[in-house]
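Contents: one structure, followed by commentary.
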Amino acid sequence: MSTLSSLSSSDGVLPLHLYTYNHVMDGFSAVLSRSHLEQLERIPGHVATYEETFGQIHTTHTPKFLGLNKRVGLWPVSSFGDDMIIGIIDTGIWPESESFNDAGMPPVPSRWRGTCESGTDFNSSNCNRKLIGARSFSQGIRQEGSYINKTDDYDSPRDYEGHGTHTSSTAAGNVVPYTNYFGSDTLAGMDQAIEDGVDLMSLSLGFIETLFFNNPIALRAFAAMEKGIFVSCSAGNAGPHPYTILNGAPWITTVEAGSIDRDFAAHVTVSDGSVSFTGKSIYPENLLVERVPIYFGHGNESKEACDSFSLDPKDVEGKYVFCVQSDYPDPSEIYRAGALGAIISSDGGQFLRPYDFPIPYVVLSPKDGVLLKEYLLKSDDVKVSVKFQVTLLGTKPAPQVAYFSSRGPDRRDPWILKPDLLAPGLDILAAWAPNREGAPIREDESLLTDYKIISGTSMASPHIIGIAALLKSAYPDRSSAAIRSAMMTTAFVLDNTHSRILDMNSGAAATPLDFGAGHVNPNKAMDPGLVYDIGVNDYINHLCAMNYTRAEIKIITRRSDFSCDQASLDLNYPSFMLILNNTNTTSYTFKRVLTNVVDSSCAYRAMVKGLHQL
């Protein structure tokens, strides 16, 4: 690095080189003193300097819910994604998982240029024809003073957190607490993925949103897009408030999380069996509780709600406790008091996190909670039986927009409707790192498991990348924009009750700012008829119209030979976004160019539906 070697310092300290980037930008990352930085920024040809940034991860039945079938539709048409290479930028991978078994897999594609990197508890034998390569990038985090060891993480591609294993198995697996990322390491991972020859790239993480020329993911995704690589990113978990969406650059497919038609439940039977309920529970132990006493603190609002320090341990010993709570179910007081378990009436039970429940629990709907309360008030010596580990399929309504999903519009580019798509992201079962604790089952005891249920837009993005891989395999000549267009224009906005997809938070009909074009429909995406294609120059014209300076556009595009003569905010996108106010009458004309991807000649007729609801 001649540039770094030319920098001097009065104290004799030399710059420390971390990474060289050849694809996502022409540059490098290094540890510099203030003097080094000032010298660097005076060198002719210097474009920009960025301070280290931090990112956060956005933390079986879904193929059937998506309509994927082994015999008909997109799966067999695409040869199950044969020959597609997906790059996952995440916490690592647990290669021994059955999800990465290569039985029946074809040879590694000849265009693959990557490797299987050795490190702590990981070597080349851990890769196979399914997991064809793995690398780790940690120079950035090391230079911030973090030491990597087996008690905190693996100094290798092996997954210590479990998040990367989960997302990888969702995107390309077999059918069978917040972590910081450093911008320089993420950038190195994306740069190497391009060099190694991936076809698609999924990132279930995000950085604090800034303008595109300052955003590590937006910058690197542009370089990937130029090389024909499809990039999918999670939208973030800062919902349900508007303007919270992340990864909203128009060359990225931005994905929200939705529910599926599966519930994890428990059956509750009261006394003689004449009254029974089915509630939600993701308590993982296969447990049958038979005829145990139930306690309800009737007449005392704090005890009824199980508020902090409201319960007397002597009252609840050996019993299940019934609570009526108005918000997210909280069993912490029941746990503190030492009860056997909890039955909670709450309207916040649609999204449960297993690590919040260290005791057996069931969450009932407010309606069922009222019925149970009435029964308890008129009966003596009530006992309950509870059967855990119940799975319900075909539940309605589904999908719904998960309440934690970040929402549009995107502050950085409000002229593009974001998010793009809704995909399964709630209670997703996928491979897990078995060294990590799973769900708690009682005090100081948790399950160690090869599979785990977790929720987040992190889980939704791999579904989209997996579907995009199938489409790219079936139609290799289509651009990344065309593949996204196919998914967006064929997405559905009605749930399995034939009503508008609901916002889980409000219970009202969701809007395009919640779910984008709608929920992805893989088989329909095979035959979109028409697609909205977008080229590199179209994105540049859009950046020009956003009033980015030439220097800023050069940072994003790594080119100086561009023109802004055709600047336009009206990108050839498969959705339409118009910014209005209450004071002025606005007239706006959208222009789109559509490409016929049907083999034969076709005639199309345009219709506009639904504007009466605006």
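Placed from the backbone N, Cα and C atoms, the Cβ positions cover glycine too.
What you are looking at is a predicted structure, and each value in this text was computed from that prediction instead of being measured.
So that you can see what the record holds, here are the features copied from TrEMBL:
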- 11-57: domain 'Inhibitor I9' (DOMAIN)
- 81-504: domain 'Peptidase S8/S53' (DOMAIN)
- Asp90: active site, charge relay system (ACT_SITE)
- 148-168: region 'Disordered' (REGION)
- 150-164: compositional bias 'Basic and acidic residues' (COMPBIAS)
- His163: active site, charge relay system (ACT_SITE)
- Ser458: active site, charge relay system (ACT_SITE)
- 570-610: domain 'Subtilisin-like protease fibronectin type-III' (DOMAIN)
For the domain 'Subtilisin-like protease fibronectin type-III' (570-610), what's the model's average pLDDT?
86
For the domain 'Subtilisin-like protease fibronectin type-III' (570-610), DSSP counts of helix, strand and coil?
0 helix, 2 strand, 39 coil
Number of Cβ atoms other than its own within 10 Å, given for Ser458 (active site, charge relay system):
32
